[in-house]
Amino acid sequence: MIELVTDSPHPIHLVDSLQNPKLFASLSTDFPLIFITNTKLNALILPPLLDLARSLGFSVETLTIPEGEETKTGDTFLSLHQQLTDLNVPRQATLIGVGGGVILDIAGFVAATHCRGMPFIAIPTTLVAMIDASIGGKNGINLNHIKNRIGSFYLPKAVWICPRKLSFLPQQELHHGIAECIKHAYIADSAILPLLQDPNALKKEDKLSLLIKKNCLCKASVVQQDVRDYAKRQILNFGHTLGHALEMLFIGKIPHSCAISVGMVLETKLSLSLGVARSPAILHSLIQDLLRYQLPVSLKDLYMRAQIPPHNCDQILSALTYDKKKQNTPLPPFVMIEEIGLAASFDGRFCQTISKHILTKVLEEEFYAMHNN
């Protein structure tokens, strides 16, 4: 089965198996396939895919990198480029990224820059990669722990999503992807939330496939309105402004999803402080939805997970100054929630600049609660 979920802003296919020759039908055997993955997936998932490609007449090469966010560096990026150069890979070859968000971010950036661009196919193997990282063409690497400081917009030729590959993952890893599902529900499509009410239901393939499909459609719908991230696409940054600042400070000691979960809670508190959010019930609902999947909802939760001494308010404010959205203001603009399923719009803009005083007040209240509860 190959189901076309959408073809805008690029084709996204839901498949029941990656061992389907029809997936390769649009590719020419005149040029090689270059797979980029990590060392674990190279042994776990890739062999049958490589065998199929070879049986169809393709020349195949595999490049592997270590697992983890710490791999997402300039050194890794240049090493992959050097390997492509050593192999004398032509720009007509197709680069296929197989893995989670880290792999797809790096592989997409390599594809965008090798010989000024080569075809790229994403095969996401985690939930967050299936519903978020593989969609929309954003790619890049970190610089000195600053998230995605160097990167580009480069749409993939296709995304192939096989929900069955999630069976390789522990339950906790699946829950990490739920954070992005919840984000989509709160900024654009509240109809996603009923699919998240029973965590056990997601153990069923049909329920999980439906969740993936709805989230793919949600993100694709937002992206196709604003591929270059100048307007509507900015709502996808909900939770990520503070979340990325926290990731920078924690230096790999917390998963991306945990930072984003707390980021969403804090940015909803900002929305309430500014009178943008229509009801405190939005915050209560968000917290319950996150807790259902054992995701953190406070700074205290993060520090308990990371087992490191707390930072202070000034350190978080300083980390925020490196945000990519920052303009000629002390702080970057923030996405605000108006109601569940609706990100706020400010005269056609979807991010709001706030005063340092208001953010400091929200953060100080959070630190006070951490030290006194």
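In case you wondered, yes, glycine gets a Cβ from its N, Cα and C as well.
Straight from Swiss-Prot, the features:
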{"type": "BINDING", "residues": "67-72, 101-105, 125-126, LYS138, LYS147", "note": "NAD(+) binding site"}
{"type": "BINDING", "residues": "GLU180, HIS240, HIS256", "note": "Zn(2+) binding site"}
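Counting in whole angstrom, ILE103 (NAD(+) binding site) lies 14 from HIS256 (Zn(2+) binding site) by their C-alpha atoms. In three-state terms derived from DSSP, GLU67 (NAD(+) binding site) belongs to neither a helical nor a strand segment and is classed as coil. Looking only at the binding-site residues GLU180, HIS240, HIS256, the one with its C-alpha closest to ASP105 (NAD(+) binding site) is HIS256. Secondary structure at THR126 (NAD(+) binding site), taken from DSSP and collapsed to helix, strand or coil, is coil. Ranking the binding-site residues GLU67, GLU180 by the number of CB atoms within 10 A of their own CB puts GLU180 at the top. LYS147 (NAD(+) binding site) falls within a strand segment according to DSSP.
Taking Cα separation as the measure, THR71 (NAD(+) binding site) is nearest to HIS256 of the binding-site residues GLU180, HIS240, HIS256.
A simple way to gauge crowding: the CB of LYS147 (NAD(+) binding site) has 23 other CB atoms within 10 angstroms, across all the protein chains here. You'll find the Cα of HIS240 (Zn(2+) binding site) roughly 10 Å from the Cα of LYS147 (NAD(+) binding site). Taking CA atoms as the reference points, GLU67 (NAD(+) binding site) and GLU180 (Zn(2+) binding site) are 21 Å apart. Listed in sequence order, the residues VAL128, ASP132, ALA179, LYS183, GLY239, GLY243, SER257, ALA259, ILE260, GLY263 complete the 8 Å Cβ shell around the Zn(2+) site centroid, once GLU180, HIS240, HIS256 themselves are left out.
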